[in-house]
Amino acid sequence: MKRPQKDIARSSRVVTRRGLVLGGVQLGLMGVLGWRMQSMQVDQADQFRLLAEENRVNLRLIPPERGLVFDRNGVKLAINEQNYRIVIIREDAGDVDDVLARLARLIPIDPEAIENAKEEMARRSPFAPVPIIERVPWEDIARVNVNTPALPGIVAEVGLSRLYPRGADMAHVVGYVGPVSDYDMSRGYLAEDDDPLLREIPRFQVGKTGVEARMEHTLRGSAGTMRIEVNAAGRVMRELSRIDGTAGQDVQLTIDSGLQAYVQARLEGESASAVVIDLEDGDVAAIASAPTFDPNLFVRGISVADWTGLNENKYRPLASKTVQDAYPPGSTFKMVTALAALEAGVIDTEETVYCPGFVEVADVRFHCWRRGGHGNINLHESLKQSCDVYYYDVGQRVGIDKIAEMARKLGLGERHDLPLSAISEGIAPDKAWKRSTRGEDWRIGDTVNASIGQGYVLASPLQLAVMTARIATGRKIAPRLVRSIDGVPQDSGAGESLGLNENNLRRIRESMFAVSNHNRGTAYRTRIQEETMRMASKTGTSQVRRITAEERARGITSNDDLPWDRRDHALFVCFAPHDNPRYAVSVVVEHGGGGSTAAAPIARDIMLQALYGGTPPLEAYPSNVRSSIREQQDRIEQQAAERANETSDRA
Amino acid sequence: MSYLEYQVRYVPAGLRKLLYLNWPIIVLLTAVACAGFLMLTSVAGGDISRWAEPQMKRYAVGIVLMIGVAMVPIWFWRNMAGVAYAASLFLLVLVEFFGTEGKGAVRWIDLGFMQLQPSELMKIALVMALAAYYDWLPMGRTSRPLWLVPPLLLIFIPTALVIRQPDLGTSILLLAGGGTIMFLAGVHWAYFATVIGAAVGAVVAVFKSRGTPWQLLQDYQYRRIDTFLDPENDPLGAGYHITQAKIALGSGGVTGKGFMQGTQSRLNFLPEKHTDFIFNTLAEEFGFVGGLTLLILYGLIIFFCVASALQNQSRFAALMTLGVAMTFFLYFAVNMSMVMGLAPVVGVPLPLVSYGGSAMLVLLLAFGLVQSAHVHRPR
């Protein structure tokens, strides 16, 4: 059957016509495509190129090496240790569980660490290395490296981490570093710091306390930058260019780490603190607070158990008591009252005050520590025997404002700006102070209390050491902790003359000498026997509770019968040699009982250690204590040896 | 029925048929496929064996199949149209029950040695079936309403099955391809005007009613439509890919970044870079010049198909050739529009360039039919 020719022609006509229409439409649409291509690739090409470049290139920061911390003799206190760690890269590992199980058979790993790593992996990109364990011993690294083929995705890396070789001895001075926290950056000391390192390096280590925190900007250095090409998933493909940063500056402290170690060991067992100031430049040769803690625990990430142990310990190991805590200075404040009176000319050195054991001021009875009283007593004897009534009287005569002025002159009530955390200002109270802080008028009883370093007066152990240093030298000694930064020596703290009458100062020093060297002095039992090193000192015992009239009538409860935290604080300040002073020392034993019994022996031992630059000969001690001192020296040396062992094990 | 309905003076026989193939189309197809091999090598980072080599093998098989199909007289293929349609429909139904899933859609039948995508076969079977129908239907009845029912059923049944998979891209191609044949066959303008008008009206109604008390869809459905139409509103989700694709294309500039130098594709910012978005790699590495060249190659293929169809007195041959050309056109036009951000991403590959077996084989078989029509045309 043939199709009619007419039909064929008609079909051809329709198909041709409509085919051409369709072809035209297609051509038009292709024109649109071409136009779109042109507008994107020719007209807007630059914009798109920029976007592509932004996609491709990332800037990465290279963290600088943190500056080191040394002691005055170049002993390393804070260093950066090469630290081997084992990381896992999920996408290379394949079966993560299997690989981790194999790794755990090869080297000891805490199961908790494995769980943590798995959690971390779930959060991160598959190519991001996730640390499994840090500080892996070299043998374990070698074992992992040998077994690389069986451990896909497991990589041993080298990084730098902070290490404190002197451990607990320096915890309160050098402090420690830790990963920067949101608090640090929002409200903490880094709130003003816009260093990109803080935000861009994960777990960037910054100083948390002590020198590490206060000298953060000296120690940190500045970041280098690296331009890298990344892919869509953020993986680094290659490095395009690099600008190295600068390492942090090295800091040399004034601390003598040997002396510091001794002081720390000597304070062990007490809740106590001690400060040693070298009088030549105001160098803080030792500044120790006990109990202490191992700062390395914090760098590694402290366990909950360790943290709870430190935080709930009633002796407060985390507190740096030398500067953070201020105590009523007690009788160690008497030099201030005496000097104020002498300078004001309200007393004569030979003038006596009668001490019946108490005095009534504004209907309140103020007691001397010796119930029976001291009888007629002059300045010299009052310091030597630490008579309270003498100062009640003299204090009222000279007035609180003059006392406070002298206290400030001697460095009390002033924040000595050492690079340490939370330095206390203490209180050197006067009338204006009470009005502005309490909104009350100063009362005469306040003066009476303040005259013997009780009441409102508060001073930190550092301030007491500074006070002693200034009395010993007559100069405005300013304590300093930093000897040099990157080899550049820092300003001396020797200070100018205080402008006090040298005769008055000499009288006070003579009386302080008597405290230790006259057989009726309160610290005679803890004297130094060696003629050339004899010391001048003052004991202090400050009450932390109020003794009521009933209790006084009953008989004052002995410190030994009181709970620990109700006992008196024991204080002691001294300088030596008395005629050519080289060191000033202050010791505070919290709730230690009497200054002469709890604090004085410690201060004497520290002073001798400082003066001899090591263990002093037994001849320096009075003969009656030599055998017990010998035992004590042996014990401390043994402890030091044990500690040294621990440290070397760890490093 | 036979070809002898037409006046045929000469039909080449045996191997002489090879001389009568539409060689320009074969050359152009090969040129486009070579561009594909090049780009597949590039996106594999220079590794030929990963994607380019299997693609070459498939192309070689496809070309042989195409010539094989071309050797068989076109009247045979016309007679097979019904069978092809029925077989494809059967396979589509089979997918409903036995299909394997991939990327959230059930499109494939696992034949063991290859994954078959029946919806691809249907594209060509539908063109054949409709062309055969209108070849059979006397011209006078073309626009009668009753005679519109069979072709509409032929189109809607497979479209409905494909949209269930779900595969929006293929269903659009089926609808548009089918509609094109009806248009070419001479169905009255008014029908198309009515349908297009109604569709536009419906879309307008849906959008205009939004926010009014009588809105036609639920809010979440509107939000889905929003994301679909304008993925850049969702820059980290669906929009991320299209944004990155546009960056790749635009950053190519006039001359491109050079072979294997495209940062967007090499660094994996570009999604689906060896399949749907391969044009962006080409445009990134070879720029406007490269992209336009490919567009012109495609245009020339369409041109030679249209030219061949218009010379062909056979109604089946002409309709079928134009239908294949339209399907081919829809492939690359939809793909390019979508990768350039002109149309929503519906998952249509770039013909002969994107990596993938089914689409390439089916297209080459379709061009086999075009060749057969060309070789066996009435002269």
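Here the Cβ of each residue, glycine as well, is placed from N, Cα and C on the backbone.
The model shown is predicted, which means the values in this text are computed figures rather than measured ones.
Over in TrEMBL, the protein carries these features:
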- B:20-46: transmembrane segment (TRANSMEM)
- B:58-77: transmembrane segment (TRANSMEM)
- B:83-100: transmembrane segment (TRANSMEM)
- B:145-163: transmembrane segment (TRANSMEM)
- B:175-207: transmembrane segment (TRANSMEM)
- B:286-310: transmembrane segment (TRANSMEM)
- B:322-346: transmembrane segment (TRANSMEM)
- B:352-370: transmembrane segment (TRANSMEM)
Against which stretches of its own chain does the transmembrane segment (B:286-310) lie, if we need a Cβ under 8 Å and a gap of at least six residues from its ends? 22, 24-25, 28-29, 31-32, 35, 249, 252-257, 259, 279, 317-319, 321-322, 324-325, 328-329, 332, 336, 351, 353, 370, 373-374, 377
Residues sitting near the transmembrane segment (B:322-346): Cβ under 8 Å, six or more positions beyond its termini, same chain? 123-124, 127, 130-131, 168-169, 172-173, 176-177, 180-181, 184, 228-229, 231-232, 238, 241-242, 245-246, 249, 276-277, 279-280, 295, 298, 301-302, 305-306, 309, 354, 359, 363, 366-367, 369-370
Any chance you could find the range in B:20-46, B:145-163, B:352-370 with the most Cβ pairs under 8 Å to the transmembrane segment (B:58-77)? B:352-370
The transmembrane segment (B:20-46): which same-chain residues, six or more beyond its ends, come within Cβ distance under 8 Å? 12, 52, 55-56, 59, 63, 66-67, 70, 259-260, 262, 265-266, 273-274, 278, 281-282, 285, 294, 297-298, 300-301, 304-305, 308, 350-355, 364, 367, 370-371, 374-375
